[in-house]
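Below: one structure, written as structure tokens.
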Amino acid sequence: MGFTDWLNPVKGFGVTFHHMFKKPLTVQYPEEKRPTAPRFHGRHQLNRWPDGLEKCVGCELCAWACPADAIFVEGADNTEDARFSPGERYGRTYQINYLRCILCGLCIEACPTRALTMTNEYELADDSRESLIYTKEMLLAPLGPGMETPPHPMRLGETEEDYYRLGRNNG
Amino acid sequence: MGLEEKIPSGFLLSTVEALAGWGRKNSVWPATFGLACCAMELMTAGSPTYDLARFGMERASATPRQADLMIVAGRVSQKMAPVLRQIYDQMAEPKWVIAMGVCASSGGMFNNYAIVQGVDHVVPVDIYLPGCPPRPEMLMDAIVKLHDKIQNTKFGAHRAKQIDELEKRALRSLPLIQQGAS
């Protein structure tokens, strides 16, 4: 016990008072959004080649890698009249059930063509189970400049080798 | 519920709906039902950085009697299901449920005999929130979507009509595959 004990509560309230002049940390979420980490695991996206053909070849490796069995893929053969992806096959049906998906990214690692990647989008909540099963139309990347909706023939270069070489440089 | 249920439909009812909706959505008190890792993110959402108090829900009640919203955060085991239902039954009307995280929403990666494959087997769910675990922003996004739902809640005659319509639509809807989705 000393003579300055009465100062202790003053010191205590001093901390409180000091914080009144500090900038608040709160992020006003719905109005201002803090960017996620660049490699954040958000919603998936099915990518395209620079001419608009789908990169997905319907190999189902993502579905096999998925620990939660959230991905459903059904491949089909490309024909000369209807070509959706370079190569033999394309993913005709592609669905991800976001109520099963744990956004672990194993499907991304499994994908041999980099067709499946993840975006930084995370606002996924919805009010029914059905609306959270994302179909191929919802997952496909939007058409960029110079892209054309499949089906159409391969447009980059003359040969298949040209196609992949050009596609890799521009894609 | 209360008096507001007894008003005849018309101009007055619409005004009461808007007013009550506004009041309800700005004071949703959560009964937190933290069961697993999602509860960590739920607690973070209450921290100063995210500050759930901005939505009028700073008081996470430990008693279901004074709560409006149950946030089921985490996997629900078969043994926990009756407890979950009891807590839901103890909450006073009007009440809402958010299934936070994939485990609460559908069982997630735990597709086995020990885990309830989605809490909608036990209680009616208003908002499903995917993510494993969802980050606090995702939870707040779900809450904002729930606010929207609360604001547009109908009363009395309007409510009966809305329920009837939703029921009819649900009965008509086909599975995704039969809708021709790819």
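Here, residue 1 is simply the first one shown, and the rest follow in order.
Using N, Cα and C of the backbone, Cβ positions are placed for all residues, glycine too.
Remember, it's a predicted structure, so these values are computed and weren't measured experimentally.
Feature annotations, courtesy of TrEMBL:
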BINDING   A:C56, A:C59, A:C62, A:C111  [4Fe-4S] cluster 1 binding site
BINDING   A:C66, A:C101, A:C104, A:C107  [4Fe-4S] cluster 2 binding site
DOMAIN    A:46-76  domain '4Fe-4S ferredoxin-type'
DOMAIN    A:92-121  domain '4Fe-4S ferredoxin-type'
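The structure, with features from TrEMBL marked on it.
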| residue | record | Cβ within 10 Å |
| --- | --- | --- |
| A:C56 | [4Fe-4S] cluster 1 binding site | 26 |
| A:C59 | [4Fe-4S] cluster 1 binding site | 18 |
| A:C62 | [4Fe-4S] cluster 1 binding site | 24 |
| A:C66 | [4Fe-4S] cluster 2 binding site | 23 |
| A:C101 | [4Fe-4S] cluster 2 binding site | 28 |
| A:C104 | [4Fe-4S] cluster 2 binding site | 16 |
| A:C107 | [4Fe-4S] cluster 2 binding site | 23 |
| A:C111 | [4Fe-4S] cluster 1 binding site | 20 |
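A:C62 ([4Fe-4S] cluster 1 binding site) falls within a helical segment according to DSSP.
A:C101 ([4Fe-4S] cluster 2 binding site) sits 19 Å from A:C56 ([4Fe-4S] cluster 1 binding site), taking the C-alpha atoms as the reference points. Proximity to chain B (Cβ-Cβ distance under 8 Å) holds for the following binding-site residues out of A:C56, A:C62, A:C101, A:C111: A:C101. The average pLDDT computed over the domain '4Fe-4S ferredoxin-type' (A:92-121) stands at 92. The two recorded residues, A:C107 ([4Fe-4S] cluster 2 binding site) and A:C56 ([4Fe-4S] cluster 1 binding site), have Cα atoms 12 Å apart. Secondary structure at A:C56 ([4Fe-4S] cluster 1 binding site), as computed by DSSP, is coil. In terms of DSSP secondary structure, the domain '4Fe-4S ferredoxin-type' (A:92-121) contains 5 helix, 9 strand, 16 coil. Among the binding-site residues A:C56, A:C59, A:C111, the residue whose Cα lies closest in space to that of A:C66 ([4Fe-4S] cluster 2 binding site) is A:C111.
The two recorded residues A:C62 ([4Fe-4S] cluster 1 binding site) and A:C104 ([4Fe-4S] cluster 2 binding site) have their Cα atoms spaced 12 Å from each other. The separation of A:C104 ([4Fe-4S] cluster 2 binding site) from A:C56 ([4Fe-4S] cluster 1 binding site), Cα to Cα, is 19 Å.
Rounded to a whole value, the Cα-Cα separation of A:C111 ([4Fe-4S] cluster 1 binding site) and A:C104 ([4Fe-4S] cluster 2 binding site) is 14 Å. Neighbours of the [4Fe-4S] cluster 1 site: apart from A:C56, A:C59, A:C62, A:C111, residues of the same chain with C-beta atoms within 8 angstroms of the site's C-beta centroid are A:V57, A:G58, A:E60, A:L61, A:V73, A:G91, A:C107, A:A110, A:P112, A:T113, A:A115, A:L116.
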